[in-house]
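Visitor: My structure is below; once you've seen it, I'll send some questions.
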Amino acid sequence: MGVTPTLPRFIRNRKQCVIYDGSYDNLTTFKLALYNSLAFIKAISNSASFGSSKLLQKIVGMNFGLPFLFFVLLLQLARAAEDPAEEIPAKIEEIFRLPRWADYYNPGRTYYSNPFYRSQYNGQVYVTDGYGQTRLAGSSSSRARALKVETNLPVPHITMCSGSTCGHNAHCTTIGNRPVCSCLKGYTGDALYNCVRAECLDSSECRGHLACKNQRCVDPCQGVCGSNAHCETRNHIPTCTCPPGYTGDPFQHCRHFNPEELCHPSPCGANTNCEVVNNIPTCKCQPGYHGSPIAGCRHECDSDSDCGHHHACIEFRCQNPCAQCGQNAECDLVQNHVPLCKCPRGYFGNPLSSCQPECTQHSDCPQSKPACFYNSCKNPCDGVCGVNANCELRNGITPVCSCPKEMTGDPFTMCRPFTKEDLCQPNPCGANAKCQPGYDRYNKERPVCTCHPGYIGDPITGCIRGECIDDNECPDHQACFEYKCQNPCRGQCGTNAVCNARKHVAVCTCLDGHNGDALSHCYRVEGSEVKVSGAYFCSTC
């Protein structure tokens, strides 16, 4: 190639070669090689060319390794051909930071004039001087020329970050005089080489069952829940639950569930019973106790003062003290927790012990009160019949009410003396008949029945409507007699007279050859002849 680079001024003005301790890390070693290469180029700057055999021999003589150092030299020389020599160290410093410690190599020092020499085993570096290739741990003459001191090498202020420091889509920041590369927001990857667009920035960019972790949509349930637990992702958030039939902490361990465990230990308070109902512990106060089964149950009362005025403390419970009354007894009122007991009507005895009935059957009762009603002896006629009525017992217990013979009325309300109007109450006559007070053959008052006008028949059994009420309802030659259409000639004419019916009326005329009053008597006229035609002849009229 035939190109010999011009070393930077700050190195060219020094009379010692600068080497760096390569024990820090790979980047420091790589940077050390670059600076040693520049220092080495200064030492052989008067050589013929890059391709001279002397230069290649020195390169091969260094123990950095031929392929690596050869690549470094090619890189440096190629950049030197394009950039000014003063910018070469700045280009290197954009990528690498100067180490805090440096070794100064001074060919003029001897072993004995170097009392501060300290050898290092790990991270040894190799240099090339006028004596040839040596190692820090090598000969005494080469060791004497190496001294580890705190570097105060004046270097120009350079900016650590540049456009080529970090990779694509990466951001470079300087922290503690060191460049720090990081991927841009929303990108991931190796910030020194290339950052690619991240799969997600937050969980909202992932599907509902995934969550954004390290800028990737992953299953958030992985490794979250405990053993035997079930994980379900809702809105990117994992939810751990124990499956049916299991219990425990779903984030630690789920175990088989025994419902009886819900009551052991009991979640209930004192004096309670715990029972599992539908997999839920249910607390109840024990018999004789009341209160909150969660906080604890207690006796309802310890004395009467713990109860209301109408209750008493009986067996630690506020109860109705009337229960202390005897058999069949009644309790009317409770005052100051004390019951007032008494036997009910018809019962006798001690109301605090027992009340017995007056009777249980009729035979237990006296003659004055022959009937046993509701365990009490009573007279069935008491208050049953009306005023002035008589009461008689039938079968000994059934009351029968009746009015006396000289009286009438309703025996269940009142009995009173008879009146004429009472003869027809109730009406003894038949239908279509009327009742009127009258007398019988013995001149005793009795009801008399007659048919209503226009009716005929037996008034005792019933009357029926007659054939007619007046003559107009009969034929012309008949008249209405006793509500029947009959011949009006019924003996109205006299002797030797005849009767003819005309317009419902009987017409009397004397016979031919007779004269006189046709209604009473007609006399025969001498020398006349009797002729009767179309008429009734009455010889006896």
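Numbers run from 1 along the shown chain.
Backbone N, Cα and C atoms are what each Cβ position is placed from, and that goes for glycine too.
Reproduced below are the annotations present in TrEMBL:
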DOMAIN    157-196  domain 'EGF-like'
DOMAIN    218-255  domain 'EGF-like'
DISULFID  C221-C231  disulfide bond
DOMAIN    259-298  domain 'EGF-like'
DOMAIN    420-464  domain 'EGF-like'
Visitor: Would you kindly list the residues that approach the domain 'EGF-like' (218-255) from elsewhere in its chain, counting only those six or more residues past its ends and only Cβ-Cβ distances under 8 Å?
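Guide: The answer is 203-204, 206, 208-212, 261.
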Visitor: Using DSSP, what's the helix, strand and coil tally for the domain 'EGF-like' (218-255)?
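Guide: Summed by class, the stretch gives 0 helix, 19 strand, 19 coil.
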Visitor: Taking the Cβ of C231 (disulfide bond) as the centre, how many other Cβ atoms fall within a 10 Å radius?
Guide: 17
Visitor: Cβ-Cβ under 8 Å from C221 (disulfide bond), same chain, 6 or more residues apart: which ones?
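Guide: Those within reach of C221 (disulfide bond), by Cβ under 8 Å and sequence separation of 6 or more, are C231, E232, T233, P238.
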